[in-house]
Structure formats: C-alpha cells, structure tokens
Amino acid sequence: MRHLRLDVVTIFPEYLEPLRHALLGKAIEQGILSVGVHDLRGWATDVHKSVDDTPYGGGPGMVMKPEVWGPALDDVAAGTAPGQELTTSLPHVDKPRHDDLAGVDGGAAESGEDPDLPLLLVPTPAGTPFTQADAQEWAKEEHIVFACGRYEGIDQRVVADAANRYRVREVSIGDYVLIGGEVAVLVIAEAIVRLIPGVLGNRRSHEEDSFSDGLLEGPSYTKPRSWRGLDVPEVLFSGNHAKVDRWRRDQALLRTQAVRPELLDTAVLDAADRKVLGRE
Ligand code: SAM
C-alpha cells in the first residue's frame with residue numbers, strides 16, 4: 001500500500017488541524033497518510049522567538065529569517081524535527097504513526113535533481129500556478145514538506161539553499177494574495193491526497209473530475225426528478241449509456257467554452273466535439 005508523509009512547517013500549527021478530518025482523517029487512520037506539523041518558532045534563537053526581520057532595501061512589512069528557516073528545513077529533511085503528529089479526528093483511532101522518512105522515491109525530477117530527495121513545496125503568489133496535473137504527479141510522492149510563509153514571505157536564500165536537500169517548487173494557488181501559506185497548504189494537500197489510491201471509495205469519481213480530461217465537468221443531478229418546478233434532463237433517464245456519456249461530454253464542452261475557453265486550446269477534441277462547439 002502506498003503511503004504519503006506530509007510535514008508542514010508553520011508559525012500557526014493549529015491552522016493545519018483540518019488535515020485530520022473527513023477523508024484525510026480516514027487516510028491517516030488507514031495508514032495511507034501521516035502528517036507532522038512543526039512550529040517554526042521552535043528554531044528561533046532569541047528570547048522573543050522572532051522569525052522575521054526588516055527587509056534589506058527598505059519597504060513595508062517583514063521578511064522571514066533564513067537562520068530560522070534553514071535549520072528547520074534541515075531537521076525536517078533529516079527526520080529529526082520536533083513536532084506534532086496529527087491523529088485522525090475519526091472514532092476508533094489507532095495510535096499516531098511515526099513513519100520512517102528514509103527511502104524516499106522519485107516523482108518527476110527537474111533536470112539535474114536527485115529524484116531521491118523529498119519534495120519541498122513553498123507556497124507563494126509569485127510561484128508557478130498549481131494545477132490538477134501537479135496534484136496527479138505529486139500524489140506519487142512519498143514525502144512532501146511544506147514551508148508556510150507569512151508577512152512578506154521567506155528570505156529567498158532559504159529556497160536556494162533548500163535545493164541541497166530537497167527538490168524545491170515554489171507554487172501559487174491563484175492570482176490573489178493570502179495572509180499566509182497555511183491555507184494554500186490545505187488546498188494543495190487535499191488535492192494531492194484525494195488522488196492516492198484507496199483514499200476515495202470510487203476511483204472513477206476523480207477520473208471524471210473537472211480538468212482530468214482537460215475540460216470542466218458538466219452539471220450533476222440527484223433525486224427528486226422534479227424539484228421546485230425544475231426537472232432533471234430527460235436523457236439521464238434513458239438507460240442508454242452511450243447517449244448519457246455523449247450528453248455529459250457535450251455539457252462539459254459547452255461549460256468549458258463558456259467559462260474557461262482557453263482550456264479548449266489544449267483539450268483533445270474529435271469531430272463530434274468540434275460540432276457541438278460549432279468549430280467544424
Ligand atoms: N510579498 C509577497 C508577494 O507579493 O509575492 C506576498 C506574501 S503573502 C502576504 C504571505 C504568504 O502567504 C506567502 O509567503 C505565501 O506563503 C502565502 N500566499 C499568499 N498568497 C498565496 C498564493 N496565491 N498562493 C500560495 N501562497 C500564497
């Protein structure tokens with residue numbers, strides 16, 4: 001059985017609490033996932049436990065200090081970092097797992113990178129946009145470490161130095177600015193973990209998700225057949241699977257064209273698809 005180890009370094013450990021609920025909590029209980037949360041202030045060296053300082057060159061805000069982040073990421077990579085192990089919020093819980101961090105496996109390595117190094121994800125609005133394709137790739141990892149920035153972010157040398165011990169990716173979850181990286185970690189971790197085999201009951205449910213085939217997913221309906229004067233589309237009662245599949249494909253194409261037309265530039269379209277889109 002595959003197992004993913006997540007380590008999160010943050011100044012707000014309590015922000016990561018949602019990772020132990022619902023399907024992620026179940027994954028922890030099943031031994032598919034384990035999560036360690038590490039308080040960055042544990043590596044602060046002064047009496048005030050400060051983790052930030054004024055920016056060189058002036059300007060507003062504070063920047064997170066390299067002397068605090070460097071040793072924290074060293075210890076997490078070595079598996080020696082003190083921290084809290086998240087236990088599942090579900091009933092009938094097993095004891096917290098303490099997983100062996102050694103023997104980390106590949107994943108897509110950028111040229112010149114050692115594929116045996118753990119993956120370090122650094123959330124930042126200045127990073128590469130996080131996509132479903134990344135989630136699919138990173139669901140194959142064995143050890144992912146997240147570095148949560150706050151204030152104006154982390155001294156850039158931390159990212160450069162971490163490349164000695166990690167495969168490092170700076171990632172953005174969208175074109176807006178959050179207060180800190182913790183919420184971005186929740187987003188990225190959830191998107192990754194649900195793709196690990198065994199986490200979702202029905203494998204098809206993520207294979208048919210939006211983005212999996214390059215398109216947005218069309219609408220879904222359940223009982224009752226008629227609700228507040230609104231009827232479920234007739235074709236869904238036809239019992240004709242080919243017809244239902246075609247209808248779903250058409251809905252996905254039309255929604256994608258209306259909401260995210262740029263996705264159609266890279267989606268694989270056949271003649272029937274092009275006809276629905278009026279692109280013959
Ligand atoms: N000065 C930074 C900039 O303009 O690029 C913004 C720093 S932001 C206020 C503080 C932290 O929030 C960042 O270090 C990062 O961890 C997180 N963050 C904010 N927006 C994000 C986004 N869109 N994606 C990922 N992380 C984000």
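Using N, Cα and C of the backbone, Cβ positions are placed for all residues, glycine too.
Note that the structure is a prediction, hence the values are computed from the model and not measured.
Marked as domain 'tRNA methyltransferase TRMD/TRM10-type' by TrEMBL: 4-78, 119-265. Feature annotation from TrEMBL assigns region 'Disordered' to 81-115. The annotation compositional bias 'Basic and acidic residues' is assigned in TrEMBL to 92-101. Per TrEMBL, S-adenosyl-L-methionine binding site is recorded for Gly149, Ile173, Gly174, Asp175, Tyr176, Val177, Leu178.
In this structure, the binding-site residues that sit close to ligand 1, with a C-beta under 6 angstroms from any of its atoms, are Gly149, Ile173, Val177, chosen from Gly149, Ile173, Asp175, Val177.
Broken down with DSSP, the domain 'tRNA methyltransferase TRMD/TRM10-type' (4-78) shows 34 helix, 18 strand, 23 coil.
Remark: secondary structure over the domain 'tRNA methyltransferase TRMD/TRM10-type' (119-265) totals 59 helix, 27 strand, 61 coil, with classes taken from DSSP.
Fewest other C-beta atoms within 10 Å: among the binding-site residues Gly149, Gly174, that description fits Gly174. Look at the binding-site residues Ile173, Val177, Leu178 and count other Cβ atoms within 10 Å of each Cβ; Val177 has the fewest. Of all Cβ atoms in the shown protein chains, 7 besides its own fall within 10 Å of the Cβ of Asp175 (S-adenosyl-L-methionine binding site). Spanning the residues Gly149, Ile173, Gly174, Asp175, Tyr176, Val177, Leu178 that the record associates with binding S-adenosyl-L-methionine, the maximal Cα-Cα distance equals 17 Å. Of all Cβ atoms in the protein chains displayed, 7 besides its own lie within 10 Å of the Cβ of Tyr176 (S-adenosyl-L-methionine binding site).
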